[in-house]
Amino acid sequence: MSSLAHTGEHFSMITFKMPPSYKSSLRGSLPFLFLFFQIIFLFIFLFLISTHYASGTKYIKQYPEFQDINVMIIFGFGFMFAFLKRFGFSGIGFNFLIVAFGLQWAVILDTFLFQQEVRIISLTSLCTGLMSVLPVLISFGAVLGKMNPVQLLMMAAVEIPLFTANRYIMTKYLAIAEHLGMMHAHIFGAYFGLSVSWLISSPSQSNIVNKEKEKSCKTSELFSMLGAVFMWMFWPSYNSVLLQDRVQKRNAIYNTYFALAVSAVTVFSVSLLMNQKGKLKMSHVRNGMLAGGVAIGYSAFMLQYPWIAMTIGFFAGLTSAISLTYFQMAECMCIIYLGKR
């Protein structure tokens, strides 16, 4: 009983600081904007998309994979964005808002662009919709704490059509397989997020003040690591869910898991080696442990030997840990330089 009481007392002390209150004009317009988009989506589904769902055993069998993607996108990314102590609630809550809004928008766009004759919604449509929201979530990580909900909603409303159009061009005109069109979601979201971040807050001396907002604590790092672990577990499903051939799906699952395992071990080792006190840095582990799954996304379905996937995972984890360390050092030098000016 004493241990239970101690545990309850510990969790009662876990708190996240809320961001500053929004302006009254924003609070007044926010719900109407959400309802406006939702009503538009409702009418599009009512009049322009088929009223029945796809049937067949193959779609029912796909449900476990759909849930894997669901947990990875909502739970994994949501808790991973809790790494900032001042924006823990924002990271989890806004992530869920973006997914709920973006899924509907992505399904509509995907249905109109990729289903020319009969527009039917299936579990594949939902999986594709969730995966199309991934670039927005990656971009969200670059602007976390810098944008209000209205700006995030508009960013999602713009980025999802751009990503879907990019996929359509790759599939239609470049003859690239549809599942490979999803594998560049990471780099698309990263560059889009960096562009938006640069537009709303260009590098200046104010970065010294913003450094205070970017701090984390043990609790925020713990929740963020929890999200990263869930993403690590379900990443093989992300790389294989859209594959139809059984051999290719098998290869994608095995190779992704081997690459993830090796990248995790590598980033743990490199993080320890690069710390003078021999301590792990959670920011290295949290990002580097997923590098193997990202790096092998394009080739996972075609590799026949595990050592190739393990080699890719090794170099992905190594590059992630080393580059993150030196980027942080360069950032500190820039802040010191700006502070002396």
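Including glycine, each Cβ sits where the backbone N, Cα and C put it.
Annotated features in TrEMBL:
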- 32-54: transmembrane segment (TRANSMEM)
- 33-326: domain 'Ammonium transporter AmtB-like' (DOMAIN)
- 66-84: transmembrane segment (TRANSMEM)
- 96-114: transmembrane segment (TRANSMEM)
- 120-145: transmembrane segment (TRANSMEM)
- 182-201: transmembrane segment (TRANSMEM)
- 222-238: transmembrane segment (TRANSMEM)
- 258-275: transmembrane segment (TRANSMEM)
- 287-308: transmembrane segment (TRANSMEM)
- 314-338: transmembrane segment (TRANSMEM)
Chain residues outside the transmembrane segment (258-275) and at least six past its termini with a C-beta under 8 angstroms from it: 232, 235-236, 281, 284-285, 287-293, 295-296, 300, 306, 309-314, 316-318, 320-322, 325
Sequence-remote partners of the transmembrane segment (96-114) [C-beta within less than 8 Å, at least six residues beyond its ends]: 34, 37-38, 41, 44-45, 48-49, 73-74, 78, 121, 125-126, 128-130, 132-133, 136-137, 140, 149, 152-153, 156-157, 160-161, 164-165, 168, 171, 178
Recorded stretch that, among 32-54, 120-145, 222-238, 287-308, has the most CB pairs under 8 Å to the transmembrane segment (66-84): 222-238
Within the predicted model, mean pLDDT of the domain 'Ammonium transporter AmtB-like' (33-326): 87
Leading contact stretch, 32-54, 182-201, 222-238, 287-308 vs the transmembrane segment (120-145) - CB distance under 8 Å: 182-201
Stretch among 32-54, 222-238, 287-308 sharing the most Cβ pairs under 8 Å with the transmembrane segment (182-201): 287-308
